Amino acid sequence: MKIVSTKTELEAVLAPWRAADDSIAFVPTMGNLHAGHLHLVDTAKTKARRVVVSIFVNPTQFGPDEDLAAYPRTPEQDIERLRAHQADLLYLPDAADVYPDDGQPATFVEVPGLSEQLCGKFRPGHFRGVATVVCKLLNRVRPDLALFGEKDFQQLTVIRKMVRDLDMAVTIMGVPTVREPSGLAMSSRNAYLSPEQKERASLIFRTLNQAAEAVRAGERDYARIEQEASATLEAGGFSVDYVSIRRQQDLAAPSADDSALVILAAAHLGRARLIDNVLISLDTTR
């Protein structure tokens, strides 16, 4: 596996691959790699001749009171794991390489509407930072395919819309969430949880599954389902930002004839802000 840290070095490795018409899959990450990230890499290996991974803790997607300084950074461990999973190239830039203007972007990419709701309501500017850095990384790597975990479903939806609206020549692939045996979605922020909190955190997935089952069984009072799920989480010790049932395609409020739904949640447990979702496919022919 090659490791580069600058845009110039990245281009020097990618140019011969492009000249040879090698297909390229890209997995952007913020590091502290866990089994969910590595599943993205393994999936990428089945989709393309070359797999590029980036590790960059992007400062522009963190708010002023968020965990940028505390976010877990494990570069040596990450490199070992990527080698074991046979990634071809690791791009490991610093802020000055990604944002040459004093480590901050002078130009931003924003996806209005999608970016201000759900997590965007509680993390103002977050998705502007995400869209900007992902746009820059996609322009630098120019992959055929970029892979993102479905755990961050709103992020995935924002990126898909950005790529579509800007006519970017890349396919965006969502990959199902990898979970702990308890059902807890794997996340770098799980490191903030104590063993007891980690056990309790699986309540999010169980609660979302129960809500999804109610929808599949025919319940259509979505507001009541959301309220009951929120109450369950609050009773379990969480501070809930939201539980919301939306249309998968664009995260709009669902109508009666929508069959592809998603129920999303964000809640705090101790120091950790946890997000999760469950996809719902309804049989509208019945």
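For all residues, glycine too, the Cβ spot is worked out from N, Cα and C.
Residues or ranges marked as ATP binding site by Swiss-Prot: 30-37, 149-152, Val178, 186-189. Under DSSP, His37 (active site, proton donor) is assigned to a helix (H, G or I) in the three-state scheme.
Non-local contacts of His37 (active site, proton donor) by the CB criterion (under 8 A, 6+ apart in sequence, same chain) comprise Val27, Thr29, Gly149. The active site, proton donor feature in Swiss-Prot is assigned to His37; the stated evidence is sequence analysis.
The secondary structure of Gln61 ((R)-pantoate binding site), as reduced to three states from DSSP, is helical. Same-chain residues at least 6 positions away in sequence with a Cβ under 8 Å from that of Gln61 ((R)-pantoate binding site) are, in sequence order, Gly125, His126, Phe127, Gly129, Val130, Val133. Residues or ranges marked as (R)-pantoate binding site by Swiss-Prot on the basis of sequence analysis: Gln61, Gln155.
Feature annotation from Swiss-Prot assigns beta-alanine binding site to Gln61.
Within the same chain, the residues at least 6 positions away from Gly36 (ATP binding site) whose Cβ sits under 8 Å from its Cβ are Gly149, Lys151, Thr177, Val178, Ala185, Met186, Ser187, listed in sequence order. Counting every protein chain shown, the number of other Cβ atoms lying within 10 Å of the Cβ of Leu33 (ATP binding site) is 24. Of all the binding-site residues listed here (Gln155, Ser188), it is Ser188 whose C-beta has the fewest other C-beta atoms within 10 angstroms. Cα of Leu33 (ATP binding site) to Cα of Gln155 ((R)-pantoate binding site): a span of 18 Å. Ser188 (ATP binding site) sits 16 Å from Gln155 ((R)-pantoate binding site), counting Cα to Cα. The two recorded residues, Met30 (ATP binding site) and Gln155 ((R)-pantoate binding site), have Cα atoms 14 Å apart.
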